[in-house]
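Visitor: Provided herewith is a single structure, encoded as structure tokens, for subsequent inquiry.
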Amino acid sequence: MFKVIKCNELNEKLINKKVEINAWVKKIRHHGKFTFLDIRDRYEKAQVLITEEHLLKIVEKIKLEYCIKIQGLLIKRPSNMINANMTTGYFEILAKNIEIISKCNELPFMIEDDNNASENSKLKYRYLDLRRDSLKNKIILRCQATHLIRNFLVKRKFLELETPTFVKSTPEGARDFVIPSRIHKGSFYALPQSPQLYKQLIMIAGFDKYFQIARCYRDEDSRGDRQPEFTQLDLEMSFVKKENIFKLIENMLFSIFKNCLNIKLSKKFKKITYKTAMNKYGSDKPDTRFELTLQDISRNLKNSEFNVFKDILNNKGSIKTLIVKDKADTFSRAKINNLEEIAKLYKTQGLYFTKIENNKFSGGIAKFLKTEEQQLIKAYSLENNDIIFFIANNKWEIACKAMGQIRIKIANDLGLIDENKFEFLWVYDFPLFEYDENTKTYIPAHHMFSIPKKRYISNLEKNPNKAIGEIYDLVLNGVELGSGSIRIHNKELQQRIFNIIGFQKEKSEDRFGFFLKALEYGAPNHGGIAIGIDRLIMLMTKSTSIKDVILFPKNSFAASPLDNSPSKISNEQLKELGINIAPDDT
């Protein structure tokens, strides 16, 4: 009788015992009168030794990735053949029976981590690519993490509730994926961009702690960290402040990193305001694994003779600087030109610089800073071989963002980023609105359901540009991992927000009437957060794209080479739905 086991279950206790393993053939090695098979299942790899003549004839028919059944005797490897890097490296199976369960066609690419197959080929044969250890392990880690999330929240009395996936189209910034209704011709459902309104309705219903591992859909251009369909941990709580949510998420992530990666995070993440993040790092999602911080030098240059700086300051603009210590000699003209190209992307007045040599400014705009030279050297403790970069712009935000991107580029070039570090950060107190120069209207900076901080409520309509919301983001290594807020629970205030963004009563009733009505029935104060599961696992596994941690992702054109979706449907289906396809003018 053979004991059916998995590859990882080979151990000392089974030595000289009969075992049976079902697995795939990873490698075939012929050595004269005997052959080795390296086999693999989900759990581990193992080595099979074939010596019997009738079995060697079967092996002649076996190719890579055949699915086979091996029955044999577990024996110890000779000392010179031990592989201490494998948990099964001390044993091998002496084959007694071999059965081919299923053959494998010629492979489109080798099942190896370093194969050079194209992305489309890997996605077309995703079921083969998933046999690679590195990809398989990422998917398994994702399963472990979501399991931990569920257990963590259920233990804290959260209810896992499912919200609809056919919803009313209420665009939240990106385009909706729409679904035509056969029964209600001319009407459409939308796939949810998030469960935002439904989770707020859940709070109004009295379920004070909700979570969901939610599938969400946004019709937007694909990027390395975006897909048309994605997964997020969505949660909401009644009667809370943002600090309650911070503590919950910090403890949850502490558990995930400890159990999945054996990494002990701090149980209390750093916290900074949006304004500090922009001023110090030039980003609302700063990478804090390295210092290299921005400084505002406007005050020191208020009497500057340099016309560019003078004009900017006369227009109440900003001058941001970045000081790189003891590295001036590494910045060639070509390298500085590359940094200037980044500044141009933000339509700044340019990137300026000067170096410190012999205790004075040298090169770049040194000749325009003679008056301020010694004052700046003293104020910023500048030393020989330092280099100082300047960006000036009439808009504070543009100056910050441009210099923030240059900060990242310099950090990468100088190798300042510790890739083994996980730096979490809460960014809070975001602006409630942004002004859209194209439409000349205010739009929500995050979304339209976030409550303003109390001191801004009375003057909302008068100064929407100054309003700060109870809004917060969770950032990990410069990537926005999650976003949340304390929500509006008052119908009148919600309508005021709608009015500011141009959703007057008729329009807001049409789009959100059902939600406004619900706010009339004893809505509790509540807040929550959504955390991108795909992004979290991408960062935990040090992947370069969320495609690496999604089981069956789309390609960069939001298409699936695996099943050739999206695809056309028949004229009969279109007719049934009452849809006519406009001719393609291209």
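Note that Cβ sites are derived from N, Cα and C of the backbone, with glycine treated the same way.
The site 'Important for tRNA non-discrimination' annotation in Swiss-Prot covers H31. Taken from Swiss-Prot, the feature L-aspartate binding site covers E172, R218, H446, R487. The annotation region 'Aspartate' is assigned in Swiss-Prot to 196-199 on the grounds of sequence analysis. Under the heading ATP binding site, Swiss-Prot lists R218, D219, E220, Q227, E480, G532, I533, D534, R535.
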Visitor: For E480 (ATP binding site), which of the recorded positions H31, H446, R487 has the nearest Cα in space?
Guide: H446
Visitor: I'm trying to understand the geometry here, so how far is the Cα atom of H446 (L-aspartate binding site) from the Cα atom of R535 (ATP binding site), in Å to the nearest whole number?
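Guide: Taking the Cα atoms only, H446 (L-aspartate binding site) lies 19 Å from R535 (ATP binding site).
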Visitor: Out of these recorded positions, H31, R218, H446, R487, R535, which one has the fewest other C-beta atoms within 10 Å of its own C-beta?
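Guide: Looking at the recorded positions H31, R218, H446, R487, R535, the Cβ with the fewest others within 10 Å is that of H31.
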Visitor: Long-range same-chain neighbours of I533 (ATP binding site), Cβ under 8 Å, sequence gap at least 6?
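Guide: Looking at Cβ-Cβ distances below 8 Å from I533 (ATP binding site), excluding near sequence neighbours, one finds R142, A145, T146, I213, F230, T231, Q232, L233.
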Visitor: Among all protein chains shown, how many Cβ atoms are found within 10 Å of the Cβ of E220 (ATP binding site), not counting that one?
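Guide: By my count, 14.
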Visitor: With H, G and I counted as helix, E and B as strand and the rest as coil, say where DSSP puts H31 (site 'Important for tRNA non-discrimination').
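Guide: Once the DSSP labels are grouped into three classes, H31 (site 'Important for tRNA non-discrimination') ends up as strand.
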Visitor: Quick one: average pLDDT across the region 'Aspartate' (196-199), no decimals.
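Guide: Value for the region 'Aspartate' (196-199), mean pLDDT as a whole number: 96.
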Visitor: At the level of the C-alpha atoms, what whole-angstrom distance separates R487 (L-aspartate binding site) and E220 (ATP binding site)?
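Guide: Pair distance, Cα basis, whole Å: 26 Å.
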Visitor: Distance check, please: Cα of H31 (site 'Important for tRNA non-discrimination') against Cα of R535 (ATP binding site), rounded to an integer number of angstrom.
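Guide: Between the alpha carbons of H31 (site 'Important for tRNA non-discrimination') and R535 (ATP binding site) there are 46 Å.
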Visitor: Taking just the CA atoms, what is the gap between R535 (ATP binding site) and R218 (L-aspartate binding site) in Å?
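Guide: Here the two Cα atoms lie 16 Å apart.
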